[in-house]
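Annotated active site, proton acceptor per TrEMBL: His73, in sequence order. Residues annotated as Ca(2+) 1 binding site in TrEMBL: Asp74, Val77, Gly79, Asp81, Ser83, Glu95. Residues or ranges marked as heme b binding site by TrEMBL: His200. Annotation source TrEMBL lists Ca(2+) 2 binding site at Thr201, Asp252, Thr255, Asp260. As annotated by TrEMBL, disulfide bond applies to Cys42-Cys122, Cys75-Cys80, Cys128-Cys329, Cys207-Cys239. Residues annotated as domain 'Plant heme peroxidase family profile' in TrEMBL: 32-333. Taken from TrEMBL, the feature signal peptide applies to 1-23.
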Amino acid sequence: MAVSLNILIVALTFIALSPHCLSSKAYESGGYLFPQFYDHSCPKAQEIVQSIVAKAFAQDPRMPASLLRLHFHDCFVKGCDASILLDNSGTIISEKRSNPNRNSARGFEVIEEIKRAIEQACPETVSCADILALAARDSTVITGGPSWEVPLGRRDARGASLSGSNNDIPAPNNTFQTILTKFKRQGLNLVDLVSLSGSHTIGNSRCTSFRQRLYNQSGNGKPDLTLNQYYAYALRKQCPRSGGDQNLFFLDFVTPFKFDNHYFKNLIMYKGLLSSDEILFTKNRESKELVMLYAENQEAFFEQFAKSMVKMGNISPLTGGRGEIRRICRRVNHAAY
């Protein structure tokens, strides 16, 4: 009886892990992502991603934050389907032109380099959506953050949504409730909101994204009172009332290239750069408690960040027969010739 039970468990485990053993209807319903997806079809896929991310980081220390942001901005629009990577074409209006992405989303050339290398090793096998998910994980690790197993098996969208990109991605000037609502629409909660915001421990933001905090936060011609006045004074030197829109500022000025918990420590000192950062500490009791916990306990932040990244990466993936495996990430296959 024990032997029969063991055989049954092994069989059920195999079925759970293998998309080929699922009925096409069940598989196409989505949700069947698992880290071993390419173990046989493209065993070197993760190694290739890691190596090119490392090279990109060596050439440009800003790149990990940019790659992490690409995955976030992809998942919040129609799910994690690499729609953010598509250029304009006859039928597609690119998400690259949306307000959250225009003049700020970057790292596309790194994703294309990864895709070319993987296509050489395993043609038409690994999706651009999975490359984004892996690059986000590797970008976190290479800057000192946590690691996690990335569930894989996403496929790529054949279209994009400019309106979705404009409306669904949280904006730096959104209220706390608006941001939380945008997270909840994706199946994410307040804990995910706070932990994922911690990705702002690396990267930069433009003057235009926080200028109102320096000069006219509430339409009354006065600065944001939740912004440390000495920090605000320093920011005004490079972010004037007009001009300098594209001037860059560290989201975490203490350790800007290290993935750690200084972002949360900054919020407690009222030195969060964006309004959407500081309101995590000032506008909600539960989020304030989490900010204080993560500022005190980096391990707790890392553990939750990894869990929330897996959860975000599971937003509405295309699986089974839906979508495609793009040969070139910036174009759908019928336009790839």
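Any Cβ shown, glycine's included, is placed from N, Cα and C.
Owing to the predicted nature of the structure, the values given are computational and were not obtained by experimental measurement.
Shown here: features listed in TrEMBL, placed on the structure.
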residue : record                       : contacts (Cβ under 8 Å, 6+ apart)
Cys42   : disulfide bond               : Ile118, Ala121, Cys122, Thr125, Val126
His73   : active site, proton acceptor : Ile84, Glu95, Pro100, Asn101, Ala105, Ser165, Ile169
Cys75   : disulfide bond               : Gln186, Met312, Gly313, Ile315
Val77   : Ca(2+) 1 binding site        : Ser83, Ile84, Glu95, Ala160, Ser161, Gly164, Ser165, Asp168, Ile169
Cys128  : disulfide bond               : Ala82, Leu85, Ile111, Lys115, Asp156, Arg326, Cys329
Thr201  : Ca(2+) 2 binding site        : Gly145, Leu251, Asp252, Thr255, Lys258, Phe259, Asp260, Asn261, His262, Tyr263
Cys239  : disulfide bond               : Cys207, Phe210, Arg211, Leu214, Asn247, Phe249
Per-residue Cβ crowding (10 Å cut-off), top of binding-site residues Ser83, Thr255: Ser83
The one of Asp74, Glu95, Asp260 whose CB sees the fewest other CB atoms within 10 Å, among these binding-site residues: Asp260
Cys329 (disulfide bond): tally of other CB atoms within 10 A of its CB: 22
Under 8 Å by Cβ from Asp81 (Ca(2+) 1 binding site), same chain, sequence gap 6 or more: Asp74, Ala129, Arg154, Arg155, Asp156, Ala157, Ser316, Pro317, Leu318, Gly323
Rounded Cα-Cα span from the residue listed as 'heme b binding site' to Gly79 (Ca(2+) 1 binding site), Å: 21
Distance, His200 (heme b binding site) to Cys80 (disulfide bond) (CA atoms, angstrom): 20
Site with most surrounding Cβ atoms, counting all protein chains shown within 10 Å, from the disulfide-bonded residues Cys80, Cys122, Cys207: Cys80
Local confidence of the prediction over the domain 'Plant heme peroxidase family profile' (32-333), expressed as mean pLDDT: 97
C-beta crowding around His200 (heme b binding site), within 10 angstroms: 24
Cβ-centroid neighbourhood (8 Å) of the Ca(2+) 2 site, Thr201, Asp252, Thr255, Asp260 excluded: Ile202, Val254, Pro256, Lys258, Phe259, Asn261, His262, Tyr263
Neighbour-count leader, CB within 10 A, binding-site residues: Gly79, Asp252: Asp252
